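*Asks:* Dumping the structure here so I can ask a few things about it.
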Amino acid sequence: MASIRRTLSPYHDRQYQNGGGPYSPKLFSSPRHPSQLPEIAARVRGFLGYPPRKGQLGRRRAFIYRCLLFFFLGFLLGLAPFDHHVNDGDDEDIRGRRDNFSFEIKPPLVNAHQITTQNDVVSANEKSEALVDAVSLGLRFDLVPRKQLIVVTPTYGRPLQAYFLNRLGHVLRLVPPPLLWIVVETNPASMETAEILRKTGVMYRHLVCARNSTNVKDRGVHQRNTALEHIERHRLDGVVYFADDDNIYSLELFQSLREISRFGTWPVAMLAHSKNKAILEGPVCNGSQVIGWHTNEKSKRLRRFHVDMAGFAFNSTILWDPKRWRRPTSVPIRQLDIVKEGFQETTFIEQVVEDESQMEGIPPGCSRIMNWHLHLEARHFVYPRGWLLQKNLDVVLPIK
């Protein structure tokens, strides 16, 4: 019977036989050196959330470890600087595009020069391409915020009150914001006035004058003073303008008001009480400098400033910031009810400015009429409560 004998290695000085390496007991299993790969694989499976086998980590602990691992990786990525290198030429190009970016829509640029080839022939396609390249749309961020307009309107219950307030409200609605309409009414405030103000779509404040007066002159003075106290108390910043509800105004006037820095004035066209002639009252200007006044013969020697109540506007900070304008006194600026009718304007202006050098004529040259003062009030109408007639008309015509 044949037998097979294993040939022994001729190298007796090696500690391992048959090609075995010095690290094989640690990587491969043997009775003397068990392998660690199953344990490492079990830990990896636990981190990845695979179902645990018998004797391994639980699913909940593996899920927590995996969440902590990804949270730590995300935290490191968030701290990593994602920077890119920009050449000098690219930096100037980006800076130029940023400077040219604005909200202003520029008109299309038309290529005025003739595009010619060597034979001085331009095809239709080349013309259209040149025209498309010439159109540019620029957006700018250097927008200057508009000044707020604070329009003060005294009003009271009368037959044409609804008509006057609606007409003025529609005009103010066309004025670009910001605009605040302060409407002052005698006590008590009427629900009809509040309803009209709500429907105008203009930002408003409805105030009530506590001091009642039967005199029309004194009533308007107290109502304007109520608005001035409100502006001073709340430190409203803007240009204050007294706009009576029975006057007529143009949109150009409200656009010009935003150009006033301290005190602005302009001429006003008025209809005389006799209704047979027109009167022009206001400044005479050389550019924006006031050098004289338009007025009538009766009052030219009595009043210091010949301005109508609707012919001037001023910066609201004069009321509550006297140090800015170097006012000699901090006495509140108010209209006076102890002066004669027609002198409320000049006595009020004397508290705001010292002389014509502190005034601004608008528009330049004071050559345009921007508002009209017409005495069209009907004083003999019966005022219906709620602006509604409770009874039918006397005559009813049937429809034929």
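Here the Cβ of each residue, glycine as well, is placed from N, Cα and C on the backbone.
All TrEMBL annotations are machine predictions without curation.
Okay, these came from TrEMBL:
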type     : residues : note
REGION   : 1-34     : region 'Disordered'
TRANSMEM : 63-82    : transmembrane segment
BINDING  : D246     : Mn(2+) binding site
SITE     : E281     : site 'Interaction with galactose moiety of substrate glycoprotein'
ACT_SITE : E345     : active site, proton donor/acceptor
*Asks:* Reported as an integer number of Å, what is the Cα distance between D246 (Mn(2+) binding site) and E281 (site 'Interaction with galactose moiety of substrate glycoprotein')?
*Replies:* 18
*Asks:* Write down the Cα-Cα distance for E281 (site 'Interaction with galactose moiety of substrate glycoprotein') and the residue listed as 'active site, proton donor/acceptor', rounded and given in Å.
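*Replies:* Per the Cα atoms, the residue listed as 'active site, proton donor/acceptor' and E281 (site 'Interaction with galactose moiety of substrate glycoprotein') stand 12 Å apart.
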*Asks:* Let me make sure I understand the structure: which of the recorded positions listed (E281, E345) has the fewest other Cβ atoms within 10 A of its Cβ?
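*Replies:* Comparing Cβ neighbour counts within 10 Å for the recorded positions E281, E345 gives E281.
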*Asks:* With every protein chain in view, how many other Cβ atoms are within 10 Å of the Cβ of the residue listed as 'Mn(2+) binding site'?
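*Replies:* Other Cβ atoms within 10 Å of the residue listed as 'Mn(2+) binding site': 20.
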